[in-house]
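Asker: Handing you a structure now.
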Amino acid sequence: MPVTKVQPFLPDNDVEKSWKSRLFPHRLELLVAACLLLAVAFFFSVGLGVGLSCVGRFRCGSSQKCVASSARCDGAVDCPNQEDELGCVRLSGRRSVLQVQRRGEWRTVCADNWNNSLGLSACKQLGYSRYVESSFVPQNSIEEDLQSSLVSLDTTQSDVIKLQSAAAFSESQCSSGMVTTLKCLECGSRPRYQTRVVGGNLSLPGQFPWQASLHFRGEHMCGGSVISPLWIVTAAHCVYGFSNSSLWKVYVGLTEQPIHAAQSLAVRKIVYHARYRSRSLDYDIALMRLDQPLTFNGLVEPICLPNHGEDFQEDTKCWISGWGATEEDGESSVVLRSAVVPLISTRTCNQPEVYAGHISSWMICAGYLEGGVDSCQGDSGGPLACHDPSAWKLVGATSWGEGCAARNRPGVYTRVTTALSWIRKQMERDEAQKND
């Protein structure tokens, strides 16, 4: 049975209340009401063009309206909350190659006609408020699957808000022979961390500057990862049933609990994946949007999100960190601890003697099959961070396991590359609302 790694500090009566609120005290009445609502929705769907199925069409998530597939990423808003124009830009491969969706296909953006104004528009569509830089690399130097489908941009428009509206000319070859890479945030560095030999696995200031401590009603409950000045990634099971943002505080730049000299920020809103289910712990991803932006100072820095299509190989050595218990059913740690764990393939983790097929595409395993090193209660939502040649990247968010550091029971983490599209859409929607 999957066990989450939330710090179990809540009083028994609060836990009981949280679970009671999720039960259905009047199952029969609710079932009848649900059937009636379903019948009414189906009846009206014929006249409204809102079907229970959108086969061959695009479903607008907020209204359940269906629009033509060709309306997706065409630069014109057709859904009430712009869902058809969200997630139309992405960064791909190890070099952060810019791609835009056009006519149902992802196309790499040629460097021809590129300018900084387009860069800012692209960054806003990725959920960032700023643009750092773009660069041009030879078309034949990027991953082969990114070379075959290309697009050049029409820069005659005076104000390009959505990059897909400028994606005018499909190409098989960029005339310049160059494609565009993009950077929207300085991330994945540790400018204040100085390596030195210390005993045990205690973390030093600046060693994991993206680590956040999420406090519910004044107590550490889960970990999180800073991914921008306004956004924290954590696990859905940390906030499921506890999504009143006013009861949470985010602390960063600390290595010890209780808090000393740490930045403290209020939470404006919490969003978790709509498909999250506590029984399977699939889609175990959530975001906290801070009320005010963080100040990056070396002790607090964002970790990079991975790019689309980035592959983190089995046995890659990565780091986990948190204030969780140092042993199963033990007390939480007062100091930030860390450990190195290798990534484990889904095939290995789904073996009968390990997790017997319970690992989905939304999950990634890390740890040692012989046991001994693992995340534990209180570490939930915290980072599984891997270093590529250029930067630290967020590969996973601590999700669940069976026991702590037990044999054939490695830690299971939400796979960030799978959650990436969902994360970007939440950030992009928020950025668009700021500009309305």
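Cβ coordinates are placed from backbone N, Cα and C, and glycine is handled just like the others.
Heads up, TrEMBL stuff is auto-annotated, nobody curated it.
Below are the features listed in TrEMBL for this protein:
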- 30-52: transmembrane segment (TRANSMEM)
- Cys54-Cys66: disulfide bond (DISULFID)
- 56-127: domain 'SRCR' (DOMAIN)
- Cys73-Cys88: disulfide bond (DISULFID)
- 197-428: domain 'Peptidase S1' (DOMAIN)
Asker: Mind tallying the domain 'SRCR' (56-127) by DSSP state, helix then strand then coil?
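Answerer: The breakdown for the domain 'SRCR' (56-127) reads 16 helix, 22 strand, 34 coil.
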Asker: So if I draw a 10 Å sphere around the Cβ of Cys73 (disulfide bond), how many other Cβ atoms end up inside it?
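Answerer: Taking all protein chains shown, Cys73 (disulfide bond) has 25 Cβ neighbours within 10 Å.
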Asker: Compute the C-alpha separation of Cys66 (disulfide bond) from Cys73 (disulfide bond), stating it in Å without decimals.
Answerer: 14
Asker: In whole Å, how far does the CA atom of Cys54 (disulfide bond) lie from that of Cys73 (disulfide bond)?
Answerer: 17
Asker: Ten-angstrom check, please: count other Cβ atoms within 10 Å of the Cβ of Cys66 (disulfide bond), all chains counted.
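Answerer: Result for Cys66 (disulfide bond): 22 neighbouring Cβ atoms inside 10 Å.
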Asker: Does DSSP give Cys54 (disulfide bond) helix, strand or coil?
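Answerer: Its secondary structure by DSSP: coil.
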Asker: So which of the disulfide-bonded residues is most packed in, judged by how many other Cβ atoms lie within 10 Å of its Cβ, out of Cys54, Cys88?
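Answerer: Within the set of disulfide-bonded residues, the most crowded position is Cys88.
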Asker: Could you pull the average pLDDT for the domain 'SRCR' (56-127)?
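Answerer: That region's mean pLDDT is 90.
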